[in-house]
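Participant: Structure incoming, see below.
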Amino acid sequence: MKKDVRILLVGEPRVGKTSLIMSLVSEEFPEEVPPRAEEITIPADVTPERVPTHIVDYSEAEQSDEQLHQEISQANVICIVYAVNNKHSIDKVTSRWIPLINERTDKDSRLPLILVGNKSDLVEYSSMETILPIMNQYTEIETCVECSAKNLKNISELFYYAQKAVLHPTGPLYCPEEKEMKPACIKALTRIFKISDQDNDGTLNDAELNFFQRICFNTPLAPQALEDVKNVVRKHISDGVADSGLTLKGFLFLHTLFIQRGRHETTWTVLRRFGYDDDLDLTPEYLFPLLKIPPDCTTELNHHAYLFLQSTFDKHDLDRDCALSPDELKDLFKVFPYIPWGPDVNNTVCTNERGWITYQGFLSQWTLTTYLDVQRCLEYLGYLGYSILTEQESQASAVTVTRDKKIDLQKKQTQRNVFRCNVIGVKNCGKSGVLQALLGRNLMRQKKIREDHKSYYAINTVYVYGQEKYLLLHDISESEFLTEAEIICDVVCLVYDVSNPKSFEYCARIFKQHFMDSRIPCLIVAAKSDLHEVKQEYSISPTDFCRKHKMPPPQAFTCNTADAPSKDIFVKLTTMAMYPHVTQADLKSSTFWLRASFGATVFAVLGFAMYKALLKQR
């Protein structure tokens, strides 16, 4: 909504433009009227819309054509004043003023016009019969007001309508020729309906309508008022109400009715509450609220955000199979201007045997987006109506900014829940196998993945000491030197192929170049351990290398298994990320890993039991 309103009054000489302004300000008819009133500013606190309003007079005797053109270009709304007792001034509305204004304004964003019939005190008839054809001919005319500066009749109403034409314009909402709402308005209201339909049954029930009424207008509707609204819809269209709920068709009809009856401020209140600007686009302020992220801090979703996402998943999981089918996912994204997830997402998070994103996979993808691109996450939550449905100031309330990692190292504990692991190794050493194994996929399932659907990321939950954490794996492409972005992480997984004698040398070189003197813990993984192991062409063996650099011994790993691959290395990687201060002696201790793994096993079993219990409730 505009921050202020600039109203320009034009018209033939002596129709009463200046008198109208002076009568508004002094609340009495002036005995002496100057040729032109000075610009007047009405403060926000005395206007109905709480917006500062500037009223500008035009005098043909005192101002040039150039000055008039400048005033037109600066105005938000123009009042064309005529005298109801002067036919010449009425004729000039169409022969001079409307063409002049339209010549000076962009065709795609015509200025709203108000026709003002002054001096109604001098006649006993109305000029409306003459004016109505003009209003029908020019769609930029918002309304016509007959008034009297002498009797103070409709003076405040005139300026209220002018304000309203700027702050709540009809143009973006409604096409008078077609007598229906414009496509952009229908699209915006359809999104609002889908967000408000919290059980996704295609209708707004009484509870949903009451919530909608409260968040938009700060007041609930009485039961009888709700019934009256539905009766109005029933009276006009047959399929506007179903099962005592308002359908999308009924919802759109109501707003069409508001606009046709001059109540378009009601529709604008709804649109603006859901983040729309005057062009019916979602505002940057709504989609991208301010969120300060200091250096060495990461971004995670908080508990309230996960609850919201859980309810979003449940809303669209219509068959209750704990996975979103392509159609269910498409339905979820109908409130987005585009489909945000590509086929690579299905290979980034957990899916069921049909390749559909599971409940856990859904939450994981949101966790990944928040961590890697928090602005994109805020945008997506905005499309879903997070701040509205949770009654928060903005989507920023869904995000936790973690403390500086240096503080974690000093205090020897972390509050983070998401840990990034960069997976490094030569091409074809088995990195993608490690990523897919995190999602529980063995080699047979991995072979079904199309090349163009592959992902360089994988994310899933891992239990360490009974705590659920997210492990985010990032496959780093092979290169001679790593960039700073490729080095920054919580833990490094250096992968080599036991069957390729040239594979380990790269891991050793990268470790020495970038990680030997850093505080980032590293784990070496001996991939494809089901194959015949060959001697690595390096000065010392991988085992001796680990011993020399006080690292845990190489971890044998294969995804060529009948069932899901072992998750041991993921528990170890997450543990190392959580406790980077732990000594290498502890990391090599079997008791240390046993405690971590035992906690993971117990909580995985408990988690599965709770998951089944939730399923039964659903």
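Note: Cβ is positioned from N, Cα and C throughout, glycine not excepted.
Copying in the features that Swiss-Prot gives for the protein in this structure:
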type: TOPO_DOM; residues: 1-592; note: topological domain 'Cytoplasmic'
type: DOMAIN; residues: 2-168; note: domain 'Miro 1'
type: BINDING; residues: R14, G16, K17, T18, S19, S59, N118, K119, D121, A149, K150; note: GTP 1 binding site
type: BINDING; residues: T18, P35, D57; note: Mg(2+) 1 binding site
type: DOMAIN; residues: 184-219; note: domain 'EF-hand 1'
type: BINDING; residues: D197, D199, D201, T203, E208; note: Ca(2+) 1 binding site
type: DOMAIN; residues: 304-339; note: domain 'EF-hand 2'
type: BINDING; residues: D317, D319, D321, A323, E328; note: Ca(2+) 2 binding site
type: DOMAIN; residues: 416-579; note: domain 'Miro 2'
type: BINDING; residues: N428, C429, G430, K431, S432, G433, K447, K528, D530, T558, C559; note: GTP 2 binding site
type: TRANSMEM; residues: 593-615; note: transmembrane segment
Participant: In whole Å, how far does the CA atom of N428 (GTP 2 binding site) lie from that of K17 (GTP 1 binding site)?
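Facilitator: Rounded to a whole number, the Cα-Cα distance is 81 Å.
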Participant: Does S19 (GTP 1 binding site) have same-chain partners at least 6 apart in sequence with Cβ under 8 Å from its own Cβ, and which are they?
Facilitator: F29, P30, V33, N118, A149, K150
Participant: Any chance you could find the range in 2-168, 304-339, 416-579 with the most Cβ pairs under 8 Å to the domain 'EF-hand 1' (184-219)?
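Facilitator: Result: 304-339.
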Participant: Would you kindly list the residues that approach the domain 'EF-hand 2' (304-339) from elsewhere in its chain, counting only those six or more residues past its ends and only Cβ-Cβ distances under 8 Å?
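Facilitator: Residues 191, 194-195, 198-200, 351-352, 354, 356-359, 362-363, 366, 380-381, 383-386, 389-390, 392, 397-399, 615, 618 contact the domain 'EF-hand 2' (304-339) from elsewhere in the chain.
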Participant: To the nearest Å, how far is the Cα of D201 (Ca(2+) 1 binding site) from the Cα of D57 (Mg(2+) 1 binding site)?
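Facilitator: So the Cα of D57 (Mg(2+) 1 binding site) lies 54 Å away from that of D201 (Ca(2+) 1 binding site).
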Participant: Can you check which residue among the binding-site residues D57, D121, D317, D319, E328 has the largest number of Cβ atoms within 10 Å of its own?
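Facilitator: Highest number of other Cβ atoms within 10 Å: D57.
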Participant: Could you list the residues of the same chain, at least six apart in sequence, whose Cβ is under 8 A from the Cβ of C559 (GTP 2 binding site)?
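Facilitator: The answer is G430, G433, V434, Q436, A437, R441, N442, L443, Q446, P565.
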Participant: Near the Mg(2+) 1 site, what residues other than T18, P35, D57 in the same chain have a C-beta no further than 8 Å from the centroid of the listed C-beta atoms?
Facilitator: K17, I21, V33, P34, R36, A37, Y58, S59, E62
Participant: Looking at the binding-site residues P35, G430, which sits with the largest number of other Cβ atoms within 10 Å of its Cβ?
Facilitator: G430
Participant: Taking DSSP as the reference, which of helix, strand or coil describes D201 (Ca(2+) 1 binding site)?
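Facilitator: SS state of D201 (Ca(2+) 1 binding site) = coil.
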Participant: Between C-alpha atoms, which of these binding-site residues comes nearest to E208 (Ca(2+) 1 binding site): D57, D317, E328?
Facilitator: D317
Participant: Measure from the CA atom of D197 (Ca(2+) 1 binding site) to the CA atom of K447 (GTP 2 binding site) and give the result in Å, rounded to a whole number.
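Facilitator: A Cα-Cα distance of 41 Å.
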Participant: Between R14 (GTP 1 binding site) and P35 (Mg(2+) 1 binding site), what C-alpha distance do you get in Å?
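Facilitator: The Cα atom of R14 (GTP 1 binding site) is 9 Å away from the Cα atom of P35 (Mg(2+) 1 binding site).
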Participant: Residues near the Ca(2+) 2 site, D317, D319, D321, A323, E328 excluded, by Cβ within 8 Å of the Cβ center?
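Facilitator: Here the nearby residues are H316, L318, R320, C322, L324, S325, W356.
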